[in-house]
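Engineer: Feature list, courtesy of TrEMBL:
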SIGNAL    1-25  signal peptide
DOMAIN    31-155  domain 'CAND6/7 N-terminal'
DOMAIN    174-414  domain 'GOST seven transmembrane'
TRANSMEM  176-196  transmembrane segment
TRANSMEM  203-221  transmembrane segment
TRANSMEM  241-267  transmembrane segment
TRANSMEM  309-331  transmembrane segment
TRANSMEM  359-377  transmembrane segment
TRANSMEM  383-403  transmembrane segment
Amino acid sequence: MALSLSSRSVFLSFLLFLSLSLSFAEIRYTQIRSDVRPIIPFDQFGFTHTGRLELNVSGISISDPNADLSKVGFFLCTREAWMHVLQQLEDEEVTCVLLSDLVKPVFSFSNLKKNGDSFNTVFLETDADQFTLVFANCFGNRLTVSMDVRSAMYNLDGKSQRRDYLSAGKTILPRVYFLLSLGYFFLAGLWISVLYKKRLTVFRIHFFMLAVLILKALNLLCEAEDKSYIKRTGSAHGWDVLFYIFSFLKGITLFTLIVLIGTGWSFLKPYLQDKEKKVLMIVIPLQVVANIAQVAIDESGPFAQDWVTWKQIFLLVDVVCCCAVLFPIVWSIKNLREAARTDGKAAVNLMKLTLFRQYYIVVICYIYFTRVVVYALETITSYRYLWTSVVAGELATLAFYVFTGLKFKPEAHNPYFVIDDEEEEAAAEQLKLEDEFEL
């Protein structure tokens, strides 16, 4: 049986979900109400040879109890196997996903007890691979299903047989995030000592940089605790709320800092032009939207009908923000280039121009690496080494913070706000004339 247009779009959406290489890996409580989707993806998880899936489903209601319920149920599937399943459906080798020999059936509704509306099952997964838990309804729009689903996927850890609710490729992330948070706290302390030693040349922007460092450190600390609790218990126990708060504040302050540095605020001039204010008025609300989308993505899970929509909104907003923060840097480069040719201070302005060009290139590289290269690593890396893409992205962010601090640290001879000898002589002469006039 060939796929209909609507069914094909759902199957391709599921393929998009698989390509995102996500591992939610916590205990999920899901409500499905009068759903007609042929495929409903739940969570993706990297199993070891001691993997377990606990599935508890209650409140099952089917619009046609007399239908062939062997074509309704749950199964596990890998990304590679799903590609072949799609081909089998196109070639009409199978008429239902659950009938394919490439998937692992977990529970078929034909096994429900007579007049039963619930079941509990534990599926032992001994094949080490990344699987996705999926619900299939091969009747499409002809059959609606309602149910409450509790799913828990975990691996048993060594001899202790303790449950590890984090995917095999992300089980070390709590330690990684904690070590990174310590690194940022150390940088914050180092930055405070620099501000104290160079307090005569400190600008307001330097305190803003300190706030960004502290928020990043707190964000990583909360993420470490969040992942640690999920690893042990399958639930974040409220740490996810703190993580979202600090992630929101960190995102807004980081993009704002890039805009403020790019405009020369506090260093070159203590004000923002109208067009620069408009950039901030665009970037900050977009960051709010991006964080709302991120919360919706994480909390609803891929089973929600609007999950893919929220994912697309997040990606679009993130791209727009990344492009918006480049404009102030380009404007400053243009103004400095013109000033170097017209105001007679070519040497100073060319030094500043060089610094702005370096910063522009570094910002582009940072955005490209964290948005494109890291995503590519997630896609091509084995599920066992998904932590490497997280480490790569965080190290790139750390390098960007260090570069920004080194280039724009409070220093009397920093080319960003250097005053040449001619300017100093002119200022001294002006003060002398003013004193003589007053006398």
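Cβ atoms are placed via backbone N, Cα and C, with glycine included.
What's the neighbourhood like for each of these?
Structural biologist: Using a Cβ-Cβ cut-off under 8 Å and counting only residues 6 or more beyond its ends in the same chain, the transmembrane segment (176-196) has close neighbours at 202, 206-207, 209-210, 213-214, 216-218, 220-221, 223-224, 227, 387, 390-391, 394, 398, 401-402, 405, 409-410.
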Engineer: If you run through the domain 'CAND6/7 N-terminal' (31-155) with DSSP, how many residues end up as helix, strand and coil?
Structural biologist: 24 helix, 64 strand, 37 coil
Engineer: With Cβ-Cβ distances below 8 Å as the criterion, list the same-chain residues six or more beyond the ends of the transmembrane segment (383-403) that contact it, or say none.
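Structural biologist: Distal contacts: 21, 23, 46, 129-130, 167-170, 172-173, 176, 180, 183-184, 187, 212-213, 216, 220, 362-363, 366, 369-370, 373-375, 377.
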